[in-house]
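K.L.:
From TrEMBL, for reference:
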| type | residues | note |
| --- | --- | --- |
| ACT_SITE | Cys72 | active site |
| ACT_SITE | Cys72 | active site, proton donor |
| ACT_SITE | Cys220 | active site, proton acceptor |
| BINDING | Asn11, Asn63, Gly73, Asn74, Asn160, Asn193, Glu211, Arg212, Gly221, Thr222 | substrate binding site |
Amino acid sequence: MEFVKMHGLGNDFIIVQTGSWEEAGDLQPYARMICDRNFGVGADGLVAIGKDPQMDIFMRIFNPDGSEAEMCGNAIRCVARYAYENGLVKEPNLSLRTLAGSRYPVVETSAGQVKNIKVDMGKPILKRSLIPVQGRGSNVKILLEASMGTIEATAVSMGNPHCIIFVDDINKIPVALWGAELEVHPFFPAKTNVEFVQILGRNEMIMRVFERGAGLTLACGTGACAALVAAVLNGFADRDARVHLPGGDLLIEWSQDDQHVYMTGPAEQVFQGSIDLQQIT
Ligand SMILES: N[C@@H](CCC[C@H](N)C(=O)O)C(=O)O
């Protein structure tokens, strides 16, 4: 199986082309081994893409624990760039089918070089039952009982679930320890991605993430979108901000006009190769 390895701010993916959405599902059992950094190629996700009958491209993403995620912001930018540069699409603006619905990336170029990819990530989902979060009431300022005490969190879905916790000093937070516990907190029936966010100003924040099914990663596109939405809902930020992640920065805007979230950032290919699937079973 031929693949390319790409990353968005160090959030890295093995990208393979398959014939159809259904065929992409055949790869799910291999995700755990392929993503393993010691026994496989190593990545934060296995991404299957191909031509879609209704949209330009489809994308399915499998986490390193073998589960399927509905959405992935950093992978979408990688897929858009790959599709544009490899002639799967002719125009820089694409339509992309995901498990969470359609998304619309635009590949931004300057002097013939790809600079950034801007993605219309759609409207955030704020209804508690749809995120999903157990119980009734608001998605803002949810109180979670955990071993570290009572945590105040805001839950947002960008197609996949996120639990955002605002902190005073990000460097004092044991992200791996707390993230692993909150990922499987009983309030989140589909588990959750966990983001710790320190607000630096109305338009700037630092974020660390513990991804559902993947653990600590250097960046999370949907997480950065969810963090900005949560910051706006809590009155901490304006509707556009630079989000600093361990792998670099994302620019996020929650549009007043259409209520969609827009994410802008880079995507890079780092190498290509082939995998003998029989060797890794
Ligand atoms: N890194 C991604 C999110 C990938 C999926 C996530 N692990 C999940 O299970 O929801 C991003 O950039 O959005």
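Placement of Cβ uses the backbone N, Cα and C atoms for every residue, glycine included.
Heads up, TrEMBL stuff is auto-annotated, nobody curated it.
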K.L.:
Taking the Cβ of Cys72 (active site) as the reference point, list residues of the same chain whose Cβ is under 8 angstroms away and which are at least six residues distant in sequence.
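P.N.:
For Cys72 (active site), the qualifying residues are Phe13, Gly45, Val47, Met59, Ile61, Thr98, Asn160, Gly221, Thr222.
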K.L.:
Provide, as an integer number of angstrom, the distance between the C-alpha atoms of Glu211 (substrate binding site) and the residue listed as 'active site, proton acceptor'.
P.N.:
8
K.L.:
Hey, for the substrate site built from Asn11, Asn63, Gly73, Asn74, Asn160, Asn193, Glu211, Arg212, Gly221, Thr222, who else sits with CB inside 8 A of the CB center?
P.N.:
Gly45, Ala69, Met71, Cys72, Ala75, Val209, Ala214, Thr217, Cys220, Gly223
K.L.:
For Cys72 (active site), which of the three DSSP-derived states applies: helix, strand, or coil?
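P.N.:
In the DSSP reduction, Cys72 (active site) maps to coil.
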K.L.:
Which secondary structure state does DSSP assign to Glu211 (substrate binding site), in the simple three-class scheme?
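P.N.:
Strand, per DSSP.
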K.L.:
Show which residues of the chain containing Asn11 (substrate binding site), separated from it by at least 6 in sequence, have their CB under 8 Å from its CB.
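P.N.:
Set apart from Asn11 (substrate binding site) by at least 6 residues yet with Cβ under 8 Å, we have Asp44, Asn74, Ala75, Thr217, Leu218, Ala219, Cys220, Gly221, Gly247.
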K.L.:
Let me check the 10 A CB neighbour count of Glu211 (substrate binding site). How many other CB atoms are there?
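P.N.:
Result for Glu211 (substrate binding site): 28 neighbouring Cβ atoms inside 10 Å.
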K.L.:
I'd like the number of other C-beta atoms within 10 A of the C-beta of Asn160 (substrate binding site), please.
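P.N.:
Asn160 (substrate binding site): 28 neighbouring Cβ atoms within 10 Å.
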K.L.:
Going by DSSP, is Asn11 (substrate binding site) part of a helix, a strand, or coil?
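P.N.:
DSSP assigns Asn11 (substrate binding site) to strand.
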K.L.:
Mind giving me a neighbour count for Cys220 (active site, proton acceptor)? Other Cβ atoms within 10 Å of its Cβ, every protein chain shown.
P.N.:
34
